[in-house]
Amino acid sequence: MPEEERSVDDGEQRGGGPAAENDDVIAAETGGERSPAADGEPTTPTDEERSTGTDGESGAEVDSPAEETVEEAERLTRLAREAAVEAAAEAYRERRDDLVDDHDYTARVRQEDDTLVLYPEEWVEDGTVRLERIEDTDRAVEVSLSGPDHGAEWDSVEEANQAIVDAVEREYGSDHAANVRAFADFMSNHYLKRVDDATEAEREEFLTEYYRRNAWPSEAQESIVAESVDLVNDVGDDVPGP
């Protein structure tokens, strides 16, 4: 590949393993490390650039995404990867892309090292980063999706939640289990908690906001979701874990 170009992969393909989007819910490991993303040595901003937030070569305003925007883009990427329904995954990705587009950025997942990368839109043409257009490499943002800091804890919570889902399915059937699985996705990704540790406010948020937007239930599942949420307490005491 020519030195001045780099292909960007946003396939986010579903396959086996914790970093994929197939049948297994991904480990929502934050890692959270954000670093410049470009070939060569990153340009060190001058004191004037630091104070003004402008690009030293062009003098244009640099509108880098705020920290909360980057964190939300990461969260939506993780939700897309563990979504059981492709339509839900696509909805998450669209929300992420709209979010970063407000800052004139574009989001991609670099598959070779499992990293979410936010590039300024002017760097990308037809899915390829044009390195010759880069004026300030610090404007790119990288977030590891497989960092070690958070993953072990998430895995432990997810294991317990899946055990609760399995217990509900054995005792009460697949429709209740599907609802509890959606509840587990919500609690694992938003609060890093077991479903049977959810507060009343968290349950209400799931039922009135998350479930309607993200669960994609059948009519039968939707009609019993409140009961499904209550069932986690019936089986949770028998499930060890965090």
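In case you wondered, yes, glycine gets a Cβ from its N, Cα and C as well.
Summarising the annotation, TrEMBL assigns compositional bias 'Basic and acidic residues' to 1-13. The compositional bias 'Acidic residues' annotation in TrEMBL covers 58-71. As annotated by TrEMBL, domain 'DUF7108' applies to 67-147, 153-237. Taken from TrEMBL, the feature region 'Disordered' applies to 1-74.
Here the domain 'DUF7108' (67-147) is broken down by DSSP into helix, strand and coil counts: 44 helix, 21 strand, 16 coil. Remark: secondary structure over the domain 'DUF7108' (153-237) totals 73 helix, 0 strand, 12 coil, with classes taken from DSSP.
Mean per-residue pLDDT, taken over the domain 'DUF7108' (153-237), amounts to 92.
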